[in-house]
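Engineer: Starting off with a structure, shown below.
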Amino acid sequence: MTRTPVDNHEAGDLAAEGVEPGGPAAEGVEPGGFEAEGVEPGGFEAGEFGAGELEAGGFEDLLAANAEYAKSFAYSGFDGIAHAGIGVVTCMDSRIPPLEMLGLKPGDAKVLRSAGGRVTEITMTGLVLGVQLLGVRRIMVIPHTRCAMAAMSEDEMRAKVERAAGKPAGYLPLAVIPDQLKALRRDVAAVREHPLIGDDILVGGFMYDVDTGRLTQIT
């Protein structure tokens with residue numbers, strides 16, 4: 001089948017494709033792939049990035065927590081391949097734990113996040129890189145219940161931002177979602193029909209319930 005580019009907002013609904021649990025992992029992908037090429041393990045010296053001239057304070061608690069984390073860091077030299085072959089597009093919402101809710105661990109998946117869990121131009125680029133270079137074989141697009149981007153109109157959202165900022169925000173793109181299920185089906189169709197996403201890649205659309213932790217497959 002020949003694939004042609006499909007606009008996110010013009011794609012029609014496609015029939016659901018079955019997604020089998022425990023499906024294909026990142027077969028045929030050698031460790032040390034795209035992200036790891038030409039990069040030597042061992043980190044960097046703080047001075048390389050001008051750390052001695054930082055002006056922004058207020059991050060001391062997080063840096064202290066990171067220092068504790070680094071004491072038992074177990075991923076030194078780890079490559080950037082999605083070892084479970086999974087790509088996830090979901091919302092920036094802090095109630096969503098992408099790896100935990102799918103029973104995955106660090107290194108298993110490529111996770112791309114956007115406001116509302118929409119497939120944007122930049123997330124589509126990430127999916128293509130994931131499929132072609134980083135071992136992704138199954139893609140899940142996952143918006144969620146009680147999403148702010150689906151709860152108000154663009155005018156309402158803009159007014160709320162302007163009230164909070166105390167400044168005009170007419171120039172700010174706000175891709176609110178009047179119909180989440182319709183938007184999800186269009187996004188999944190766009191991914192399935194993208195010329196650089198292969199016919200052998202499984203793509204599914206799901207809704208995550210932030211009150212129960214359960215996923216429901218929509219398409």
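Cβ coordinates come from backbone N, Cα and C, glycine included.
Curation plays no part in TrEMBL annotations; they are all automatic predictions.
The structure displayed is predicted, hence computed values, not measured ones.
As annotated in TrEMBL:
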COMPBIAS  1-12  compositional bias 'Basic and acidic residues'
REGION    1-34  region 'Disordered'
COMPBIAS  14-34  compositional bias 'Low complexity'
BINDING   C91, D93, H144, C147  Zn(2+) binding site
Engineer: Near the Cβ of C147 (Zn(2+) binding site), how many other Cβ atoms are there if near means within 10 Å?
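Structural biologist: Its Cβ has 21 other Cβ atoms within 10 Å.
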Engineer: What count of other C-beta atoms do you get within 10 angstroms of the C-beta of H144 (Zn(2+) binding site), across all chains shown?
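Structural biologist: There are 22 of them.
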Engineer: Could you name the residues, excluding C91, D93, H144, C147, of the same chain that surround the Zn(2+) site, i.e. Cβ within 8 Å of the Cβ centre of those residues, in sequence order?
Structural biologist: T90, M92, R95, I96, G116, G117, P143, T145, R146, A148, M149, Y208, V210
Engineer: Please give me the CB contact count at 10 A for D93 (Zn(2+) binding site), counting all chains in the structure.
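Structural biologist: D93 (Zn(2+) binding site): 18 neighbouring Cβ atoms within 10 Å.
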Engineer: How many other Cβ atoms are found within 10 Å of the Cβ atom of C91 (Zn(2+) binding site), counting all protein chains shown?
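Structural biologist: By my count, 23.
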Engineer: In three-state terms from DSSP, label H144 (Zn(2+) binding site) for me.
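Structural biologist: Note: H144 (Zn(2+) binding site) is in a strand by DSSP.
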